Amino acid sequence: MSTVAQPSELAAPGDDRTGASSASGAVLHLARPHGDAPQAGEFARLLDAVLPALTRDFAAGAAALDRDARFPFDNFAQLHRHGLVAAVVPRAHGGHGAGLAQARRILAAVAAGESATALVLTMTYLQHRALVRTSTRWPDAQRNEVFRSAVDDGALINALRVEPDLGTPARGGLPSTIARRTETGWRLSGRKLYCTGIPALRWLSVWARTDEAEPRVGVFLVPRPVGSELNRPGIRVVPNWDHLGLRASGSHEVILEDIDLPFGNAVDIRPLHEWAPAGIGQRDNDAHIEQQAWMSVLLGTLYDAVARAGTDWLVTFLNTRVPGNLGAPLASVPRVQETVGEIATLLHVNQRLLDAAAAAADAGNPEDDIASGALKFTVTGNAIRVLELALQLTGNHGLSRNNPLERHHRDVLCSRIHTPQNDTILSAAGRRALAAFQVHA
């Protein structure tokens, strides 16, 4: 629910300095007043210096986090020390104002080290990006507070949308989570599943409906106080995330019990029909298209980076494994070379697709939602295929928990669960293709 030190033909996208590292691992991020943000060149130098070391540090602890399903608090402390939790926050608010290509570069490095950290960071970046747009309906006070806390404290935010009965709201329906109007605001109660990052989230962007005769639906911003305990007043965490992959992501169930919120924390609520594609205006539609582009590129980057990390291990294994009956490394076998060539080709395609989509979005021309869905389908499918091929080549070695390949494979399978799922992507693409054929017939 993922730049890498790799062979040059499989190098992480957007970074031609695969051997670069920070000699001292020194923290370069310095506290600064809001509005006194770094220029793009300074931010690029920061990434040059810290990303390779972060990848190595995160990779060193990844197996233990996966084994114990333990949330990576230390990883987020490191990211905050370098100012990377607030990378997408606008410069005017003290962040780095990162575009999609820069956010992609950060997430590629993080995911190559520890994928669950990258997933939680992805969700925070997506929330921050949605608040950057001039089309956002959030009140300034709430938006600014989310930005400020990310810069000052490394505060994380994610959307809580999925419910036991509803499933994902992307497929329609009213949520069971209800906000009841009070004299001072709203009282929120409900149950949410798969709340990625909940052990560390400071802000919960909760999808709920009002108790009005004609219910409105939308986002209620719930602050989660800082503390060492998993539960907070009115926010009870059911620690039931025991998953095949991304085991350290803390994607537990959350029960919200009579949380009182001021009126302003109903940050974006509308009649249900206004959330449907036919009910939104042009500005909202443009925002939706850009958000889909960001989501597809960042999630694609995460799982592509996991596949690259697995490939890095594979290439080392093939070059060093010398079976007695062969008398030479496995890398010398033509069938092995052919399979690695297929892997390299799949990753090359991923890089081209992700780089092009990120560049288009940063230029103000994001691809539409059907193209973004096709990107997600292709990139994640390629990432899964890469690790399937790696497992075929390595046999028992690849499946052993003493090696990272099986963990990478488990993690990359989680790419299928993110909205939009493959059936939705392909159905939309099919409808468009059939309609286009009818027009030209």
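Using N, Cα and C of the backbone, Cβ positions are placed for all residues, glycine too.
Because the structure is a prediction, the values reported are computed rather than measured.
TrEMBL lists region 'Disordered' at one of the ranges 1-22, 265-286, 397-418, namely 1-22. In the domain 'Acyl-CoA oxidase/dehydrogenase middle' (163-258), the DSSP tally of helix, strand and coil residues is 6 helix, 47 strand, 43 coil. The domain 'Acyl-CoA dehydrogenase/oxidase N-terminal' (52-123) scores a mean pLDDT of 98 in the predicted structure.
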